[in-house]
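So the structure is just underneath, and the comments pick up after that.
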Amino acid sequence: MIDKAIMRLSGIHKLMGLLAGLDVSQAIFIIGQAYNLSSAITGLWQGHGLAAQIPAIIWFIVFFLARHLINYLKDEMLDKFAATKAKELRRELLEKLFRLGPQIVQREGTGNVITMTLDGVALVENYIHLILNKMINLTIIPWIILAFVFYLDWESGLVLLLVFPIIIIFMIILGYSAKAKADRQYKSYQVLSNHFLDSLRGIDTLKFFGLSKRYAHSIYSTSERFRKATMSTLKIAILSTFALDFFTTLSIAIVAVFLGLRLIDAKILLFPALTALILAPEYFLPVRDFAGDYHATLDGKNAMTAIQKILAEPEIKANPVVISTWSEESSLVLQDVKFSYGKNEFLQPVNLTINGYQKVGIIGMSGSGKSTLVNLLSGFLQPQQGRISIDGNELKNLNQDSWRKQLLYIPQNPYVFEATLRDNLTFYTPDATNEQVRAAIKVVGLEELVSELPEGLDTQIGNGARALSGGQAQRIALARAFLDQERKIMLFDEPTAHLDIETELELKEKMLPLMQNRLVLFATHRLHWLQQMDIIVVLDEGKVVEIGKYQKLLAQKGYLYRLKNRMGGKLNEQNTLV
Amino acid sequence: MNKIPLFKELKHDRWVKPFFKQYKKTLVTALILGFFTFFCGSALMFNSGYLISKSASLPVNILLVYVPIVLTRAFGIGRPLFKYLERLTSHNWVLKMTSKLRLKLYQTLEKDAVFFKRDYRMGDVLGLLAEDINHLQNLYLRTIFPTVIAWIIYIFVVIGVGFFSWWFALVMLLYFGGILIVFPLWSVIVNGARQKREKVLKNELYTDLTDNVLGISDWIFSQRAQEYVALHEDSEAELLAVQAKLRKFNNLRNFLFELAFGMLAILTLLWTSTRFIGTHGGDANWIAAFVLAVFPLVDAFAGLPAASQETNIYADSLNRLNNLPDKAITKKVETDLPQNPLDLKVQHVSFQYTATQKEVLKDITINISQGEKIAILGRSGSGKSTLANLLRGDLQPTKGSILLGDAVVSTLDDTVADYIGVIQQVPYLFNTTVINNVRLGNENATEKEVWDVLERVNLKKMIAALPNGLETMVDEAGLRFSGGERHRLALARILLQNTPIVILDEPTVGLDPITEQALINTFMQELKNKTIIWITHHLKGIDNVDRVIFIENGILEMEGSPTYLEQTSARYRNLKNIDNGE
């Protein structure tokens, strides 16, 4: 029942031992409480007067207090334990995520990763608390109570004992049938439940087609269909709760009736009968508690599984290799480097040598393997075969601190943090001086933005505060590059594809000087950049089809030449790219 | 009472209170069933206590305990049965409400549909609003229903005890009342504030983490990733402290709550010992009955403190919903319909979003005759998208007027959809079948007509190859339409809609040049008899249009046919060359 991952938590065995001990004493207190209450009532019934019952009443109070005090203690202990473990788990998860990098975030979805880290871990925390408490309660308390009931009156004990497996069996059977029914309905269910949000998101589209007013009717009728589907599932789904309730209350009723009948026949006395009756609901309490929190534990279990899956993700980071600072004499060699995922070959064996401060243009359309090559170069992917070497040192992959330390990665949408403009600019160089920052602003042309901001450099920018345009975000990335002169390798991934052409031109002017005395790897499908590159790598369907200087490649009228013409948009050349 | 956020919200509420009047019968049934659930629970123990006491007094005839025996069984079966029915009834009522609430939310948002996304672009407000409706469901199910049922039981208990003793009824009135009011109030005031703080901190953490996960590459390349993990733990510390306090309070409150019920049992015992006196039976048979009946009552009240504390969260949801504009449905004014030819006349139009903001467009005059194709170029933020919204009448010019076939565009309301179609930058595909998505353009289109338009946009082959053809869901696992394909589907819709005028709002951003070029060619070919207003940020394919308009800082900067501009403007020539890769 308890997840293996939970059992691996440090300190869990000690805690479980402690809880078990507390549960044994709690069961004894419950019995004491029932015993004394019953004794007081019986005394009164026999006509002994209230004064004679005072010791029993006091003992009842003591046992009652002690019993709930134990609950309190258990909750406190479990809260602390679960909170500590949750914190550890969250740290572990975050560390893992920040080692794995953007690939995993993209695959799992940003929203998903964040929900997992915050809400998912909270669910696990709740799960740890619940499962430990309820499982141990269930394995200890009912049985001690049952033993005592047997001691008082074995026939009542037998009734209670027999009901227990019946409850479990019915809950399992009904649980399965509910699940089967729910599974059958799941698909239509999902569509219906997403329908509302889907309609809200597409509301402007509906408006454009003049359908939005009439569509309100569809919202209502779909929601009503959803209601009917939910109700018919619910009828079955809560049957298991019903069964639990039914058998527990009914068996209490049966115990009462049996006791009554045997009391009439004078086969038992009031005191043991009353005690057994008071204990009967207590006997069922742990199993009812357990069932009541079933869904919370299920959510927690699922969250735990999802988190464990991420934690088990393989990491490609290999032993650190010393890579000297990139200089004019350095070289990076890719030899037969290949990457595939499943059956898809994203990159067929590539041979490439890059030297010194070359500017390398990487060109290709969507699906050409350009992104895969960029991800290999940035160290987020590991090639299946082939050799990578830098200055003769062989590497398994480029997930190397000493490589990344030299790298400036500028993607299509550089990320602007919700922080001050200054912090954003100096993200890579927290120690940059004011003068350096001012110089960077000038170099990349951010003066206008700075003058518009109410608090200048110290204004909060970023999504929540003040969103920047795509061009401004690129300028910030460039300023980071200007400030960090230590980084000698620039890796661009479609930096200007989404910008309007005039902004693109302005940026180009700012970018070119920054590329001097650096190795530049520039992936793009905007052809005008190619004239500034020393060497062009042309990719098509995961293959390097041409390597060479721009003018030379154009002159040989190969793939690049045809690509250029086709982009030029002559209708008659539309489908001649072979 | 003003300290309790939920009550404050309910004062001017349009989303919870009005709905109590609906489906009254179901609502009352649910409450009655809820009452009987707890009634049976207590009555079972009451009856059992009486039964065994009476039996212990050795009645001469078994028939004397016959009634209690039957009742014991009846209550034993009644409790689970009522509980089951209560859950079904209350869920049914709440889901009926949900349908109405969703309709109401949709209608509220529909009025401003086109700008909704712009006004609420921060975060996923749509998701939040949809979630708010779910929160209201919980407000009914977890707070309002149990509270009302608890009060009914309270009243019942006090009246019931009153039959035996007026003074003990008074004691119950005060003691129970104390439990019923003090615990929830105490929770909502002390812990409610903490819970609110918890929510604020959680939201902060959420935004903070989102921000940094989005910027994860920079943390990694700057080799500061582990630094961030430490940073995150710092900002998490306060949240953890608040949560620890919350839990500590809850544990203590639960403990005290149990004690209060223990005391209640003793009070009952003391009272019955003076009220029901007997020796080996007689009146004393009632003692066990009353005392045992106290314990099951805990179930009816135990959830209330936590439920009342949660209301602070619901209050937020309610607040958000109540803050949505409450616009009365405007009666449609009969307007003159546009007359042929469908020329668009933009006359001296200026526009600003609010009086305090700067003008987005300044004194723009453009005449677009039917069938003309124009491209509007400009930087992002230059006002070109605003112009498109003005053309469709979704915005009204601050100054000047826009006429379509001599009718004022903004008065056309939904009929404008018969004249002007729009292809957005990111066309929205509904999570339904391909055919339903295409049929948005014309709900009465036959399957053949749908295949025809799909052929025209070059998607026929691809869709015919799908296992379910037109019936394939657009977001089914494994099938994702690429950017270019989405635009083609959007075009297919427009072709079915068959409006004489089509606005293309930057339809090719982010596509690679080959896809872009092919898409432009399809657009131009298939829309060749229509007026096209094409907003773009590139010059690719610009030779297809009759006229190019440059907008810069809200002003019409340059205008003319592509050939004319090519001859007269160096700037134009330069941009065009660059786009061609020169």
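Counting starts with 1 at the first residue shown.
Including glycine, each Cβ sits where the backbone N, Cα and C put it.
Those TrEMBL annotations? Automatic predictions, nothing curated.
Here is what TrEMBL records for this protein:
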type: TRANSMEM; residues: B:27-46; note: transmembrane segment
type: DOMAIN; residues: B:28-310; note: domain 'ABC transmembrane type-1'
type: TRANSMEM; residues: B:58-78; note: transmembrane segment
type: TRANSMEM; residues: B:144-167; note: transmembrane segment
type: TRANSMEM; residues: B:173-193; note: transmembrane segment
type: TRANSMEM; residues: B:255-274; note: transmembrane segment
type: TRANSMEM; residues: B:286-307; note: transmembrane segment
type: DOMAIN; residues: B:344-578; note: domain 'ABC transporter'
Distal contacts, the transmembrane segment (B:286-307) - CB-CB under 8 A, six or more residues away
38, 41-50, 52-53, 142-143, 146-147, 149-150, 153, 157, 179-180, 183-184, 186-187, 250, 253, 257-258, 261, 264-265, 268-269, 271-273, 275-276
Please indicate, using numbers and ranges, the residues of the same chain that are 6 or more beyond the transmembrane segment (B:27-46) and have a C-beta under 8 Å from a C-beta there.
20, 71-72, 75-76, 78-79, 82-83, 85-86, 89-90, 93, 145-146, 148-149, 152-153, 156, 289-290, 292-297, 299-300
Mean of pLDDT values spanning the domain 'ABC transporter' (B:344-578)
87
Give the nonlocal contacts of the transmembrane segment (B:58-78) in its own chain as ranges (CB under 8 Å, at least six residues past its ends).
36, 40-41, 43-44, 47-48, 50-51, 281
